[in-house]
Amino acid sequence: MAIKTLGAKAAAALDQELMSTGAFSIDQLMELAGLAVSQAVYRLQPLESGRRILVACGPGNNGGDGLVAARHLRHYGYNPTVFYPKRSKNDLYQRLAKQLEDLDVPFVDDFSSAVSSTDHIVDAIFGFSFSGEVREPFPAVIQALQETKLPVTSVDAPSSWDIENGPPESGLGSSFMPTALVSLTAPKPLVNHFRGRHFIGGRFVTPAIASKYGFEVPEYKGIDQVVEVETTGQKL
């Protein structure tokens with residue numbers, strides 16, 4: 001199946017349509033996205049290969065997806081740690097954080113130190129709406145992500161990448177190539193610059209909505225919420 005992509009404007013319009021015509025709530029979409037991410041990590045990082053997962057969360061919806069993923073990973077038997085330096089005051093995000101606290105999932109302030117004691121990193125900092133410069137406190141985090149030898153799974157977009165054009169030509173993030181990418185709902189144009197393992201998580205989009213936005217819903221197997229698709233990188 002040829003991969004069709006959605007630009008930032010189309011992706012935003014699709015999200016709005018899912019919450020209007022599709023009758024989904026933001027809570028539902030975030031839960032489904034985080035579940036998909038957790039299933040991708042489960043494939044990439046089997047429990048016997050290391051249970052320590054560091055989830056880096058940004059202040060927006062991408063970070064919310066990361067919080068949901070961390071909860072599911074905890075229930076799978078992993079030991080997630082969450083880096084969430086810019087906590088939102090929004091009730092939804094506060095509830096997601098409370099759910100993790102109730103599961104004794106630790107929140108850390110020092111990302112660099114946390115990297116030294118983890119087995120896999122989930123990059124849930126910036127999503128498809130990111131543009132401009134990376135602001136504090138995230139430049140050091142992006143630098144650590146591009147320097148680490150650990151596997152990194154990015155949620156919808158490798159943080160610092162332009163949604164249309166991929167990694168910056170120079171400077172921060174220019175050499176950041178995560179191990180895996182989980183495209184949510186549908187891949188974004190940046191996937192054309194990606195060279196790792198690629199998963200799609202969107203097992204809630206109706207054929208009618210997919211057709212309207214010009215992409216196909218991939219064939220998901222069994223009860224899977226993600227499907228791995230071919231890239232020029234490693235494939236399952």
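A Cβ is built for glycine as well, from the same backbone N, Cα and C atoms used for every other residue.
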Original post:
Of the candidates ASP104, ASP109, ASP110, ASP156, which does Swiss-Prot annotate as part of the (6S)-NADPHX site that also includes ASN61, ASN62, GLY63, GLY64, ASP65, GLY127, PHE128, SER129, PHE130, SER131, GLY132, GLU133?
Top reply: ASP156
**OP:** Check Swiss-Prot: it lists ASN62, SER159 as binding K(+). Then name which of ASP27, ASP102, ASP123 it lists for that same site.
**Re:** ASP123
Original post:
Nearest to ASN62 (K(+) binding site) in three-dimensional space, by Cα, is which of the binding-site residues PHE130, GLY132, ASP156?
Top reply: ASP156
**OP:** Measure the Cβ-based neighbour count of PHE128 ((6S)-NADPHX binding site), defined as the other Cβ atoms within 10 Å of its Cβ.
**Re:** 26
Subject >> Entries of ASN61, GLY63, PHE130, GLY132, ASP156 which, being binding-site residues, have CA atoms within 10 angstroms of ASP123 (K(+) binding site) >> reply: GLY63, ASP156
